[in-house]
Ligand code: NAD
Ligand code: UDX
């Protein structure tokens with residue numbers, strides 16, 4: 001029986017390995033982590049991450065060919081293939097701070113693999129890493145290997161949160177990069193055979209190591225660039241009376257452009273886009289390509305602009321002050337169908353409103369009060385720009401409340417801000433919400449999920465990103 005061990009039981013390691021275990025009953029999969037609470041949760045009824053479809057798979061495989069453990073060394077030692085899926089956040093101090101990927105966790109995992117191994121292994125980069133990381137990892141493994149042979153593969157993950165299981169079941173492609181040597185080709189073939197249990201072989205792309213590593217950063221940069229492009233257009237739409245939804249549709253029907261990923265929003269969030277573009281920017285700078293670095297930086301600058309623009313629109317619409325006004329926040333996760341709040345635009349929007357002394361009342365179906373308070377209390381690292389950076393002071397904490405009900409959040413509020421596109425927000429009773437709010441009652445839809453005309457009929461003053469402006473908003477001084 002082939003044995004796989006995955007180091008890192010997070011948003012990628014957990015779902016990816018659960019699907020491998022489900023699709024490959026002949027493979028024994030161990031997912032290991034240094035975090036005891038995380039592993040305990042994987043072994044409990046309440047998994048540490050919310051992902052549609054995940055629970056069923058874990059229940060089917062756990063204890064049969066899928067195991068979650070903190071005994072990292074034992075499982076690494078026994079494995080034939082070791083995936084490394086540890087976090088690779090942006091460095092916050094030292095050389096490259098604010099841009100470069102922090103490979104501390106990766107390096108310590110590599111050193112541990114070298115220390116505990118007693119047999120040859122394939123080591124798979126699952127984490128998103130800077131191009132050429134495999135070379136550094138190879139050096140660590142080879143220098144400590146006591147004669148054991150390691151083959152390094154790059155197998156970046158393209159799943160998106162909220163649809164992880166569907167993405168893993170039906171990936172557009174699986175990418176495997178390896179050394180172009182006989183041993184390298186053999187290792188690529190071994191991993192290819194694992195995926196071939198459910199992925200058509202013509203969708204398994206094989207490349208050299210550096211192409212695979214760079215393709216992951218490039219794919220995320222291209223995706224984020226589409227969002228920043230449409231968000232830039234949304235600002236122009238508001239100034240001209242065009243409707244960004246119509247523009248996106250018209251543009252996206254060109255088969256060369258395609259319709260996906262053209263939804264204007266309050267800004268993209270998530271643990272990957274900003275981090276990976278900053279990493280790309282840093283790599284370009286290190287390779288003497290400042291113009292290329294500047295080009296990609298703009299994608300993040302527009303994203304920050306969009307978040308700021310949203311806050312400014314709220315404040316300017318409400319007579320230029322939200323001080324002591326209750327503002328309901330519907331949605332805190334960075335997208336629907338996840339409880340993940342990493343880099344969620346909600347953090348920046350809430351901090352912006354708190355800075356203007358609003359009283360905010362937050363409701364999200366999946367994010368806990370503890371998580372929200374932790375996110376708002378955290379000092380955000382400034383990569384390049386002064387964006388609402390202050391941590392919450394004890395007095396600011398009193399301005400925040402978290403509820404488990406959208407109606408409680410919106411009661412007596414002056415404004416409602418929709419920051420995550422949860423389906424349930426579309427079917428709330430907006431007449432009831434309007435009746436219980438202060439007047440004039442505002443809705444700021446940061447996800448374009450609401451029927452603007454229906455809300456206006458009820459009596460709301462509505463702002464929806466990139467849509468023709470409400471007559472009320474047109475007359476307000478423009479600070480956006
Ligand atoms: P995560 O923070 O959810 O999980 C990483 C886990 O690794 C943590 O539980 C941590 O405790 C563990 N860990 C760190 N060092 C360890 C060590 N030395 N030994 C054992 N465990 C260790 O991160 P994630 O979201 O799963 O992302 C992992 C990687 O995958 C990152 O490089 C990320 O860029 C990439 N990625 C993420 C996504 C996504 O949607 N989240 C998608 C594609 C790629
Ligand atoms: C992303 C990539 O899609 C995935 O391939 C990679 O493996 C990890 O990073 P993820 O961050 O989980 O996945 O979610 P994604 O669906 O890409 O959304 C990222 C952010 O962009 C979210 O905040 C989302 O709301 C926003 N978004 C997405 C838009 O604002 N408009 C869109 O049209 C699409």
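Note that the numbers count up from 1, one per residue, in the order the chain is shown.
Placed from the backbone N, Cα and C atoms, the Cβ positions cover glycine too.
Just so you know, TrEMBL annotations are computer predictions that nobody has curated.
What TrEMBL lists as active site, nucleophile is 272. DSSP assigns residue 272 (active site, nucleophile) to coil in the three-state reduction, outside any helix or strand.
Positions annotated as NAD(+) binding site by TrEMBL: 8-13, 33, 38, 86-90, 127-128, 161, 272-275, 342. The Cβ of residue 272 (active site, nucleophile) has 24 other Cβ atoms within 10 Å, all protein chains considered.
According to TrEMBL, the domain 'UDP-glucose/GDP-mannose dehydrogenase C-terminal' annotation covers 328-452. Mean pLDDT for the domain 'UDP-glucose/GDP-mannose dehydrogenase C-terminal' (328-452) in the predicted structure: 92.
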All chains considered, the count of other Cβ atoms within 10 Å of the Cβ of residue 11 (NAD(+) binding site) is 23
Could you measure between residue 11 (NAD(+) binding site) and residue 272 (active site, nucleophile) for me? Cα positions, answer in whole angstrom.
11
From the recorded positions listed here (8, 11, 87, 161, 272, 274), select those whose CB sits under 6 A from an atom of ligand 2.
161, 272
Three-state secondary structure, residue 161 (NAD(+) binding site) (per DSSP):
coil
Other C-beta atoms that fall within 10 angstroms of the C-beta of residue 87 (NAD(+) binding site):
19
